[in-house]
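S.K.: For C15, the entry in Swiss-Prot reads active site, nucleophile, with the evidence type similarity to another entry. For R21, the entry in Swiss-Prot reads active site, with the evidence type similarity to another entry. Feature annotation from Swiss-Prot assigns active site, proton donor to D148; the stated evidence is similarity to another entry.
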Amino acid sequence: MSADSKNQKKVLFVCLGNICRSTMAEIVLRGLVHSRGILDDFQIDSAGTSSYHIGDTPDPRTVQSCNQNMGRAISEESLKHFKSIPLHRARQFTDEDFSKFDYIFAMDESNLSNIKKVLKHSTTKDNHIATIKRLGEYHTHKKINVEDPYYGDMSNFNICFNHVHDCLVNFLKEIESLN
């Protein structure tokens, strides 16, 4: 199934630096929708609220966690589609994102607060179309913050992957129920 850009669901993930959580969420959602044959129905991106990592590639542990865990989450064919993960370049969230995306998912309360501050001063807030919420509101068992694994070890990245994957499976169920 193919959708023109007008009918695509446009999803943006936002964390602090755009090298760990939001990048991981972008990768996971791309994998899930590719595996279901609906990648063309989505426009998926990620950004950070800070400027710390603009232009940087994903944290190597993000890439490693996705490579280790995606195989059990998506089809082998879809996994081949993601050899370009390290080509991602971090970018900063901008006020234009409010009018470009249908869904803007913050990884935690701090990210959500920063997004709302940008919205308050946005020159595009009158054209604001996005639903803004924490991705963790889609968690199966309880609403969570997707914790930043940056200062942790691989186990923290794998926990992050599991939370992101769980939330996105539930988000897709909601999207499918609306169609």
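Using the three backbone atoms N, Cα and C, a Cβ is placed for every residue, glycine included.
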S.K.: In terms of DSSP three-state secondary structure, what is the assignment for D148 (active site, proton donor)?
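M.R.: In three-state terms, D148 (active site, proton donor) counts as coil.
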S.K.: Looking only at C-alpha atoms, tell me how far D148 (active site, proton donor) is from the residue listed as 'active site, nucleophile', rounded to the nearest Å.
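M.R.: If we compare the Cα positions of D148 (active site, proton donor) and the residue listed as 'active site, nucleophile', the gap is 8 Å.
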S.K.: Sorry to bug you, but what's the C-alpha spacing from R21 (active site) to C15 (active site, nucleophile), rounded to the closest Å?
M.R.: 6
S.K.: Restricting to the same chain and to sequence separations of six or more, state which residues have a Cβ under 8 Å from that of R21 (active site).
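M.R.: Same-chain residues close to R21 (active site) (Cβ under 8 Å, separated by 6 or more) are F13, C15, M107, V146, D148, P149, C160, V164.
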